[in-house]
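To start, the structure itself, in structure tokens.
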Amino acid sequence: MATATRLLGWRVASWRMRPPPAGFVSQRAHSLLPVDDAINGLSEEQRQLRQTVAKFLQEHLAPKAQEIDRSNEFKNLREFWKQLGNLGVLGITAPVQYGGSGLGYLEHVLVMEEISRASGAVGLSYGAHSNLCINQLVRNGNEAQKEKYLPKLISGEYIGALAMSEPNAGSDVVSMKLKAEKKGNHYILNGNKFWITNGPDADVLIVYAKTDLAAVPASRGITAFIVEKGMPGFSTSKKLDKLGMRGSNTCELIFEDCKVPAANILGHENKGVYVLMSGLDLERLVLAGGPLGLMQAVLDHTIPYLHVREAFGQKIGHFQLMQGKMADMYTRLMACRQYVYNVAKACDEGHCTAKDCAGVILYSAECATQVALDGIQCFGGNGYINDFPMGRFLRDAKLYEIGAGTSEVRRLVIGRAFNADFH
């Protein structure tokens with residue numbers, strides 16, 4: 001396996017994180033607690049990858065996270081994306097020949113975790129770009145498509161997205177209505193997509209559409225297309241004003257006689273459901289790094305706060321109830337880490353199951369929401385004030401119980417997997 005040093009090459013120095021000094025009580029947005037990766041079972045190269053990425057993000061992203069959330073805008077998105085490209089993390093699972101790093105899903109999860117630790121919103125946009133778009137092209141694109149799109153997506157010159165959901169087709173995604181009609185060497189797309197992460201910014205999008213409206217079952221009539229910004233008939237609506245993940249731009253996509261070359265089919269005509277479902281398992285796995293990062297961010301802020309804030313003549317972290325909160329938050333995070341990391345390792349070894357890809361994001365997402373709530377409680381009144389980041393962590397965490405398949409759908413996936421063993 002390529003080392004983190006080889007991954008980053010000449011692009012950055014090899015940084016090492018150090019444990020915080022005794023008496024560490026920083027209240028800055030980018031204060032860090034050490035992560036014990038000996039317990040997490042990471043190799044030396046994977047630990048170095050985390051340390052390098054974390055240092056870069058805590059310097060260049062974390063101090064901006066509150067303003068990104070408040071304004072619902074990341075003003076330097078394009079510049080930052082190119083920095084991520086220079087760092088080598090946008091194409092972390094892509095082959096080296098296209099500019100990628102040629103690493104695995106565990107490394108992808110680690111980067112997703114650290115970006116989300118610095119900013120949940122930017123972490124979500126990273127996941128949509130690096131996994132939903134780039135990784136789909138890597139896994140399903142032909143050579144011409146890979147050569148055309150991957151280098152610019154991996155360098156950060158282009159921003160990528162994926163579009164499945166529609167206003168009336170979320171969990172029931174195969175009921176989509178976006179229609180693609182073949183005319184000569186092109187397809188004409190008509191319809192809408194909704195809730196599309198990176199939609200307002202994307203230069204390249206993987207879009208699913210119906211090419212056979214009469215197919216039974218309906219899933220047999222879906223095709224995946226590569227759509228580019230600027231194609232005639234393709235436009236985006238205004239970005240949505242969301243509860244959380246603010247600054248990760250989301251919008252509706254509009255297709256009005258949009259002309260897409262037949263050469264832009266990803267995979268095969270009417271076989272898009274295979275691209276969709278196999279990609280969804282890996283999407284759930286990689287996005288599970290998001291809740292891990294949010295939980296770590298809650299701890300990064302809460303643990304120091306509990307050892308600064310005083311009540312009744314002592315630090316509130318010495319109260320038994322607050323010690324209980326710290327223990328609950330920490331053990332939830334560590335249990336989630338072991339599950340996510342081990343499923344990622346299994347996928348890297350060729351053993352990837354829908355049941356456990358659903359399981360890791362189900363469990364980590366619900367734990368992240370609870371950890372964020374516990375963090376708010378530890379902060380008391382300050383936790384309810386937007387000058388502190390605790391509310392942002394909660395609003396960001398809740399998204400992971402909804403996106404990439406709701407918690408309810410994930411439970412169905414797991415339950416059906418067991419039922420299939422007893423048919």
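Cβ coordinates come from backbone N, Cα and C, glycine included.
Residue environment of Glu283 (active site, proton acceptor) contains 24 other Cβ atoms, counted within 10 Å of its Cβ in all protein chains. Positions annotated as active site, proton acceptor by Swiss-Prot: Glu283.
The FAD binding site annotation in Swiss-Prot covers 162-171, 195-197, Arg309, Gln320, 377-381, 406-408 and is backed by similarity to another entry. In the three-state DSSP reading, Gly380 (FAD binding site) counts as helix.
On its own chain, Arg220 (substrate binding site) has Asp212, Asn270, Val273 as residues at least 6 apart in sequence with a Cβ closer than 8 Å to its own Cβ. According to Swiss-Prot, the substrate binding site annotation covers Ser171, Ser219, Arg220, Tyr274, Asp281, Leu282, Glu283, Arg284, Ala404, Gly405.
Positions annotated as N6-acetyllysine by Swiss-Prot: Lys55 (among others).
Feature annotation from Swiss-Prot assigns N6-succinyllysine to Lys55 (among others); the stated evidence is similarity to another entry. Reduced to three states, the DSSP call for Lys55 (N6-acetyllysine) is helix.
Marked as N6-succinyllysine by Swiss-Prot on the basis of similarity to another entry: Lys64 (among others). Non-local neighbourhood of Lys64 (N6-succinyllysine): Phe74, Asn76, Ser119, each in the same chain, at least six residues away, with C-beta under 8 Å from its C-beta.
DSSP assigns Lys64 (N6-succinyllysine) to a helix in the three-state reduction. Annotated N6-acetyllysine per Swiss-Prot: Lys64 (among others), in sequence order.
Swiss-Prot lists Lys75 (among others) with the feature N6-succinyllysine, giving similarity to another entry as the kind of evidence. According to DSSP, Lys75 (N6-succinyllysine) is assigned to coil rather than to any helix or strand.
Annotated N6-acetyllysine per Swiss-Prot: Lys75 (among others), in sequence order. Within 10 Å of the Cβ of Lys75 (N6-succinyllysine) there are 12 other Cβ atoms, across all protein chains.
The N6-acetyllysine annotation in Swiss-Prot covers Lys238 (among others) and rests on similarity to another entry. Other C-beta atoms found within 10 angstroms of the C-beta of Lys238 (N6-acetyllysine) number 8, with every protein chain shown included.
The number of other CB atoms found within 10 A of the CB of Lys259 (N6-succinyllysine), across every protein chain shown, is 15. Following the DSSP three-state reduction, the secondary structure of Lys259 (N6-succinyllysine) is strand. If you look up Swiss-Prot, you'll see Lys259 (among others) marked as N6-succinyllysine.
Here Swiss-Prot flags Lys259 (among others) as N6-acetyllysine.
Lys315 (N6-succinyllysine) falls within a strand when secondary structure is assigned with DSSP. According to Swiss-Prot, the feature N6-succinyllysine maps to Lys315 (among others).
Per Swiss-Prot, transit peptide is recorded for 1-29.
When Cα-Cα distances from Thr197 (FAD binding site) are compared across the recorded positions Lys75, Lys259, Asp281, Glu283, Ala404, the shortest belongs to Ala404. Looking only at the recorded positions Lys75, Asn168, Gln377, the one with its C-alpha closest to Asp281 (substrate binding site) is Asn168.
Contacts of Ser407 (FAD binding site) defined by a Cβ separation under 8 A and a same-chain sequence distance of 6+ are given as Leu362, Ala365, Glu366, Glu401, in order along the sequence. Secondary structure at Arg220 (substrate binding site), as computed by DSSP, is helix. Counting other CB atoms no more than 10 Å from each candidate's CB, the binding-site residues Ser165, Asn168, Ser171, Thr197, Gln377 peak at Thr197.
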